[in-house]
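I have placed the structure first, in the form of structure tokens, so that the comments after it can refer back to it.
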Amino acid sequence: MAEDLDKPLLDPDTFNRKGIDLGILPLEEVFEYLRTSPQGLLSGDAEERLKIFGPNRLEEKQENRFVKFLGFMWNPLSWVMEAAALMAIALANSQSLGPDWEDFTGIVCLLLINATISFFEENNAGNAAAALMARLALKTRVLRDGQWQEQDASILVPGDIISIKLGDIIPADARLLEGDPLKIDQSVLTGESLPVTKKKGEQVFSGSTCKQGEIEAVVIATGSTTFFGKTARLVDSTDVTGHFQQVLTSIGNFCICSIAVGMVLEIIIMFPVQHRSYRIGINNLLVLLIGGIPIAMPTVLSVTLAIGSHRLSQQGAITKRMTAIEEMAGMDVLCCDKTGTLTLNSLTVDKNLIEVFVDYMDKDTILLLAGRASRLENQDAIDAAIVSMLADPREARANIREIHFLPFNPVDKRTAITYIDSDGKWYRATKGAPEQVLNLCQQKNEIAQRVYAIIDRFAEKGLRSLAVAYQEIPEKSNNSPGGPWRFCGLLPLFDPPRHDSGETILRALSLGVCVKMITGDQLAIAKETGRRLGMGTNMYPSSSLLGHNNDEHEAIPVDELIEMADGFAGVFPEHKYEIVKILQEMKHVVGMTGDGVNDAPALKKADIGIAVADATDAARSSADIVLTDPGLSVIISAVLTSRAIFQRMRNYTVYAVSITIRIVLGFTLLALIWEYDFPPFMVLIIAILNDGTIMTISKDRVRPSPTPESWKLNQIFATGIVIGTYLALVTVLFYWIIVSTTFFEKHFHVKSIANNSEQVSSAMYLQVSIISQALIFVTRSRGWSFFERPGTLLIFAFILAQLAATLIAVYANISFAKITGIGWRWAGVIWLYSLIFYIPLDVIKFVFHYALSGEAWNLVLDRKTAFTYKKDYGKDDGSPNVTISQRSRSAEELRGSRSRASWIAEQTRRRAEIARLLEVHSVSRHLESVIKLKQIDQRMIRAAHTV
């Protein structure tokens, strides 16, 4: 076959030139044109075809790296700095002084430094993201060398034979072969929400999703030659402005408006009133522009998100949408599946509890029938549990010939096999949901009451039920409906809770995240699982969501019922969507876990869609975050890390707003009251050193909030105004003491510099530099900044920057910047002054936060730190233990100081504690009864365990 590969028909463009449409030709001709067979390709042939057709992925537009670099200097904040640069060489060119090339060069350097850091960090983040997304690459089962293999979909070529099953995203355009009809969701291509039925010979398109069925297909087009690829080339990508970008824009606009107000005041007073010279006035305006613009903000925040995304991936949570980190930090409700998330999804069958419904069968026969109705390959948890109960897994197909296998689908909720036994008789066996199997059976009315009674008895013990039935097929045809179905038995399935689920749920509740169990199992099973996990038993059937329940809770509004419930049972995918929708309407930030194709709508609707480990391709494509490790603890760890990331971003925004207000107000007052002119070049030095230091905040050591986070812009602006005003007044006071008093000369024996404007500028430079950079230690902490150790990198950067600033102030003699060194004694005085006025910043922070939220003093006293590393679970010190004092607060206190969501979480946590106490009490009573029955001396036991 390899020697035929050079024939022109395999050229991707040949089919178009010759008018050959592989989508409508008979299958025999398709195989002939593609020179393949139902046995698939050989690896060598596939490799040669891959060279001809290229990888099975859409062509990515290569962006010019230089244009991309320039793009980092094209945003509103950069525009202001670029305007300042133009002012330095154009407007400042007067009075025979010439353009201000020094300031122009400094501004350009500042822009280039920020653009360079942004460029390289985004490249690194992009490479890291590409590596992470490679782990989520679409997989497919392909028939190569006569064997089925799981491979990346990118290696598919025309002529490959692939397997398509429930939940798969179709990896390439293909024609269906022998097998059951498929239900295909083509909404991504056509916009049509209803799935369409596809049978043998029909074409399926890349990007659509298999909703039901299982079948083989031959690939006829890959990559950009697929229907999806051709469509994508006609559509220009559009950038959607997300919430995070809106936040950045709002903060940037606030800073720009603050600077504009200061500039207008200076222009109005300096020129008409004070009659200042033109060049000096321009220099004062440059000080506000250069010092007030948080030019590093886009870089700092994007780098923080990128580093946080990498940290999450190390914890088993891959972020597909970067801003999902911000939303996860604010999540206050988590709707999670029971199976696989709260439990191990490692099912076991208790053979002793199997119920047999036909006289001529025993428990082993029931197990054998269930095994025959199970897959031996690509097993789900139920198939694996059933087959493992057989003495030898091969027994499931021993002495029979399989004719047809019906895989599980969410509609029928059962699997079935048609087979011929050793006597040549035809049978069909099925296993699945008891309700579905019972509806098939002829004796339904006679046995229904007994079946439901057994199901309820199993459910009270936390056991799921699996029904088994069979029928004879006298017509000996796979298409025959067969004879009457016989209900054979019920198998109990036990899915044990994860060992850490109970503790993790309590931790989530204490963090203000309500965990709601969403399960398709019975209500009794859900309540029993909730009791075992200690998450409460306030659960309802799915019918209550539609107002169909007639119990004592029917008077409760649906939205309130959903908000207060611990979980829901018997849930279908449409119920999940409705739960998310109602919670969002009640202003909750909702996370939803899912693994199946039918979970996709709810995952898309949720603020944070979370695809659990081993989720289907459809669920992964709809989710914002994909878990690589099972269990709830991964999600809670991701919540803590997201809050830490959010805290870093919030800390920086408060810092940036404070510095803007401080520069604008402080230097405007100095220019208008004392007619003091600070050199613009020195503001540039401050900005460069500040930006270099503040970049390290992306790796700072922070304390995640004990409650869900959100962008409270009004609070950020108000905090920035208060702190910035204080710092501005401190700087103004410092200037006044230097030029109008002899305080420093008398008490510290330094020489007077009041009449030396260049030395005054050096002193002002050092004071502004110290207090500006030290402010980050205040904004980064929720308690006393002296007692919360920053990250090592931040400390190191601060020391280096301030060492440079101090050396400049002490020794510099820069004529064009008009500064002269002030010596070490003055530097020591300035450091002492800055330290004295640094201390009240914490007090101002507490008082202001207390005025806004009433929580500040609790934060002062409560210094427990929540960890962000999964490896730290279970440690006593430095672990994510939530503050004990928060657990003991009353509901009234919570109503007054937190959101309603946190209050609900507290109520849920209390119900969970009650459920746990009941569990402990029941175990205790059981132990006492055993001790009495065995006539064991309890005093000996107590003595042996007494310290």
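A Cβ is built for glycine as well, from the same backbone N, Cα and C atoms used for every other residue.
Feature annotation from Swiss-Prot assigns active site, 4-aspartylphosphate intermediate to Asp337; the stated evidence is similarity to another entry. Contacts of Asp337 (active site, 4-aspartylphosphate intermediate) defined by a Cβ separation under 8 A and a same-chain sequence distance of 6+ are given as Ile518, Thr519, Thr593, Gly594, Asp595, Val612, in order along the sequence.
Reduced to three states, the DSSP call for Asp595 (Mg(2+) binding site) is coil. The Mg(2+) binding site annotation in Swiss-Prot covers Asp595, Asp599.
According to Swiss-Prot, the phosphoserine annotation covers Ser897 (among others), on the basis of similarity to another entry.
Annotation source Swiss-Prot lists phosphoserine at Ser929 (among others), citing similarity to another entry.
Look at Swiss-Prot and you will find Thr946 tagged as phosphothreonine.
Swiss-Prot lists 1-69 (among others) with the feature topological domain 'Cytoplasmic', giving sequence analysis as the kind of evidence.
Confidence over the topological domain 'Extracellular' (90-101), given as mean pLDDT on the 0 to 100 scale, stands at 63. Taken from Swiss-Prot, the feature topological domain 'Extracellular' applies to 90-101 (among others), supported by sequence analysis.
Look at Swiss-Prot and you will find 123-251 (among others) tagged as topological domain 'Cytoplasmic', backed by sequence analysis.
The topological domain 'Extracellular' annotation in Swiss-Prot covers 273-281 (among others).
Under the heading topological domain 'Cytoplasmic', Swiss-Prot lists 300-650 (among others), citing sequence analysis as support.
Remark: secondary structure over the topological domain 'Extracellular' (673-677) totals 1 helix, 0 strand, 4 coil, with classes taken from DSSP. According to Swiss-Prot, the topological domain 'Extracellular' annotation covers 673-677 (among others), on the basis of sequence analysis.
Taken from Swiss-Prot, the feature topological domain 'Cytoplasmic' covers 701-716 (among others), and the record attributes it to sequence analysis.
Taking DSSP states H, G and I as helix and E and B as strand, the topological domain 'Extracellular' (738-758) has 11 helix, 0 strand, 10 coil. Taken from Swiss-Prot, the feature topological domain 'Extracellular' applies to 738-758 (among others).
Among the features that Swiss-Prot reports, topological domain 'Cytoplasmic' is placed at 780-791 (among others), with the record citing sequence analysis.
Distant neighbours of the topological domain 'Extracellular' (813-820): 102, 679, 681-682, 756-759, 761-762, 765; these residues of the same chain sit at least 6 beyond its ends, with a Cβ under 8 Å from one of its Cβ atoms. Residues or ranges marked as topological domain 'Extracellular' in Swiss-Prot (evidence: sequence analysis): 813-820 (among others).
Taken from Swiss-Prot, the feature topological domain 'Cytoplasmic' covers 842-947 (among others), and the record attributes it to sequence analysis.
The stretches the transmembrane segment (678-700) and the transmembrane segment (821-841) are not in mutual contact, being linked by fewer than three Cβ pairs under 8 Å (pairs 6 or more apart in sequence). With the fewest other C-beta atoms within 10 Å around its C-beta, Asp595 stands out among the binding-site residues Asp595, Asp599.
Sequence-distant contacts of the transmembrane segment (792-812) (same chain, at least 6 residues past either end, Cβ-Cβ under 8 Å): 685-686, 689-690, 692-693, 695-697, 699-700, 762-763, 765-766, 769-770, 773-774, 776-777, 780, 819-824, 826-827, 830-831. Using a cut-off of 8 Å between Cβ atoms, the transmembrane segment (282-299) and the transmembrane segment (252-272) share at least three residue pairs, counting only pairs 6 or more apart in sequence.
Per-class residue totals from DSSP over the topological domain 'Cytoplasmic' (780-791), listed helix then strand then coil: 3 helix, 0 strand, 9 coil. Simply put, out of 70-89, 102-122, 252-272, 821-841, 821-841 has the most Cβ pairs sitting under 8 Å from the transmembrane segment (759-779). Sequence-distant residue pairs (6 or more apart) of the transmembrane segment (70-89) and the transmembrane segment (717-737) include fewer than 3 whose Cβ atoms are under 8 Å, leaving the two stretches without contact. Below 8 angstroms of C-beta separation, residues 75-77, 80, 278, 280-281, 284-285, 288-289, 292-294, 297, 656-657, 660-661, 664-665, 667-668, 671-672, 717 of the same chain, each at least six residues beyond the ends of the transmembrane segment (252-272), sit close to that stretch.
Beyond its flanks by at least six residues, the topological domain 'Extracellular' (738-758) meets 674, 818-820, 822, 825-826, 828-829 of its own chain at Cβ-Cβ distances under 8 Å. Tertiary neighbourhood of the topological domain 'Extracellular' (673-677): same-chain residues 274, 276, 280, 283-284, 735-736, 739, 760, selected by CB-CB distance under 8 Å and a gap of 6+ residues from either end.
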